[in-house]
Each structure stands twice: as structure tokens, then as C-alpha cells.
Amino acid sequence: MNAIKHALKALRKRHLLEEGAHAPALIALSRPLASQGSVWKDKVENLEVELQQYYKAQSRLSDQLVVEVADSRASKALLQEKEATILDLQNELTKARDECAQLTVVLEEKSQALELVISENQELKTQFEEMTVRAKNAEAENRTLIDRWMLQKMQDAERLNEVNALYEDMLDQLKARGIEQLARQQVDGVVRRSEEGAEYFAESIIPHGSNHKIPAHEGGCAAIVFENNSGRLVSGGQDQTIKMWDTNTGSLCHTLHGCQGSILDLTVTHDNKSIIVASSSNSLYVWDVSSSNIRHTLTGHTDKVCAVDGSKVSRSHIVSAAYDRTIKVWDLQKGYCINTLIFHSNCNALCFSMDGQTICSGHVDGNLRLWNIQTGKLLSEVAAHSLAVTSISLSRNGNVLLTSGRETTCTICSMCDLWKFAGH
């Protein structure tokens, strides 16, 4: 804009200079050419008009030039902005292409994983179908076995009625021969064999009063047992603790903690190194006596464990019974169940025989049963009580079994009779 103004000033100055330069000539010419003055005057006026028009046109062009320059600058700024935008878009496009490439790789990996999952799912579906077929076959076999078992049970019940009648006759005969006196000697006395093999009898003393009265457990004491060949007593109760007592002084020797339920029964291994507890938490707990630590927590029962006993010949085998209608044989060295015996009537009490291969169990239906723990086979069955059997105790020589029932009676059974019923 300034350049245009300078140009206009220069043109006007030039015009004035030209008028000044030509002034003498004009005066000289005007004298001889006075007659032509009016004509030249008109031409000059016309030229001045044309010059003014030229100035006006030049002014308009200058204004247009200013507008065009402003538009050009705006267009240039807009162009730069668009170029920056294009550059940003190109960068974003590059990033998008990189992300797209990465997503393509991830998609391929996911596709491969999906194909693998589909194939595994197909295999699992095939296995599931096979297992379904097997389950249906097993269910059919189970129904068949149940029918056969019920039929066998009915037949066994008939035979059992006959055996019970025979058993009553045999009891009458044994009583007539003085079996009561023999049983009393075997239960009240302790039969031992010396190293030379000769038998001698040590008569047990009937207590006339209590030596000690011990407040042992809060909520009641549910189980109590002596250590083998020891004067120390082990008790367990509702307070989830096991306590060991000195019977000579009546003092507490030790307390074991860690049981998660009420203690319903307990036993001691024949070497007195472990205490096994049956609890209401559906588990058994095995304590190491020397360290007072829990060595095993045996799980597998689905209801309260109500009875437990240890083998009299092996420190690694114990048996337990629960309200889930099962009797389980456990290996303490391995820490798991090695056999499960299933019966329709719950077992309330059990004990090992002297050989460690068979167990006696007392059930809710009042029957006493003999089992082989290796094969799980029921060897014999005797009706011991009219109501549920509540406890079982085997004599130290292993020949006589003392049971108690809910009808407040005790029964003395000969192990020989049980083995006779078993076919031995």
C-alpha cells in the first residue's frame, strides 16, 4: 500500500515537472499560434480529464491490489494451516497403520487361539458325550446292582432270622454250660501270657470310690481312653481340646489344640506316639504326641465322624465311621484313605480285632458286623441289640466283645461265634 502511494506521488511530481519544462515552449508557441490556442487548450483539458480518470482507475486498482494481497496472505495462512493439518493426519495415519498391523497380528493370534479352543471344546464335548454314555451305563448297572442287592438283602434277612434263632439256641446252651462264668473271668480279669507261654490271670479290682474328680472340658467330655500300658489318660470334649492327665495325681499333663469341631471319639496308636480324633467337622485329626503338632487332617467323610479306632498291630492303620453310612480305612504313613466300606445303616462304634485285618462295627439297626478291611467284604452279622449299638469294647485277649445298646443293656459276644457265622 505504501509503495502505491509513493508511485502516485512520483507520477504527480513528474507531471508537475513536465508542465514546468514545457511551459516556455507553450508560451512561445502561444504567441505565434494564438489561433491554435483554443484547440490545444481543449486537448489539454481532455488530457487532464483522461489523467484524472487514469488516477481514479489506478486508485481502484490499488484498492483491488490491497484486497488481493490481504486475500493472498489469508490464503497463504490457510494453506499453511491445511499443510500442518495434512502433516498431522499423515502422522495419525502412520500410527493407525502401525496399530492396524499390531491388531492384525493380535487378531491372527486370537484366531489361532480360538481355533485351538474350538478343537479342545470339541474334544471335551466328545469326552463329555462318552462320559454321559458311561454314566448312563453305570446308572443302569447301578440300578441292576441295587435290585440284586435288595434281593440279596431279603435273602440275607431270611438267613439272618434263621441264624438268630440258631444263635438264641446256642446262647441257651452256653448259659447252661456255665458260659457266664467264663465270660466274667475274661472280662473282669486280664489274660496275659508270660515269655515262657504259660497263662496267668490278674484279677481286676472293682473300684469302691473315685480317687480324683477332674473338671476336664467345658460343655462335656465326649471321649476318654488310656494310653497303652500307661497310667496316662487322654480325654476330648465339646471345647475342641484334647487333654492328657496323670491318673496318679489327677493333674493335667498337656493340652492339644487345633481341632475345628467338637470331639466325638478318640484313640491312641499302639505305640502311644499318635492321637487320632474324630470330630463333628467331618474330619479326623492326627496329633504327634512328642511335638504336640497336627501331623495329618484326614478328610473324605461327608458327615460327622462319630467313631475311630487304631490297629493293635500296626501304627499306620486306623478306621473311622461317620453318619454318612461309610466306614473308612486310613493309612497314617500316606495320609489318605485306602478303603471305604458302605452300608445302609450308620455305624455308631467300631474296634479292630487283635490280628489287625478285621474290624467289628456296631450299627443303628442294633446289629454287630464283622468286616475284612483289605477286601471290604462283610464277613458276618449278628443281631446284638433291639435298638442302636452305642459302644464296643474288645477284651485284651481278643476273644470276647462287650457291647452296649440304647435300650440300656450290655451284651457279651464271643468272637468265635462271629467267626463261625463268617464260615471259619
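Positions of Cβ are set from backbone N, Cα and C atoms, glycine also.
Keep in mind that this is a model prediction, so the values were computed, not measured.
The domain 'Autophagy-related protein 16' annotation in TrEMBL covers 41-161. The coiled coil annotation in TrEMBL covers 44-177. The annotation repeat 'WD' is assigned in TrEMBL to 214-255, 256-297, 298-340, 349-381.
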Overall pLDDT of the domain 'Autophagy-related protein 16' (41-161), taken as the mean: 87
Query: When the repeat 'WD' (298-340) is classified with DSSP, how many of its residues are helical, how many are strand and how many are coil?
result: 0 helix, 25 strand, 18 coil
Message: I'm a bit unsure how to read this: which one of 214-255, 256-297, 298-340 has the highest number of Cβ pairs shorter than 8 Å with the repeat 'WD' (349-381)?
response: 298-340
- prompt: When you scan the chain for residues with a C-beta under 8 Å from the repeat 'WD' (214-255), skipping those not six or more beyond its ends, what do you find?
  reply: 261-268, 270-272, 275, 277-279, 287, 292
- prompt: How many of the residues that make up the repeat 'WD' (214-255) does DSSP mark as helix, as strand and as coil?
  reply: 0 helix, 22 strand, 20 coil
- line: The DSSP breakdown of the repeat 'WD' (349-381) into helix, strand and coil residues is 0 helix, 20 strand, 13 coil
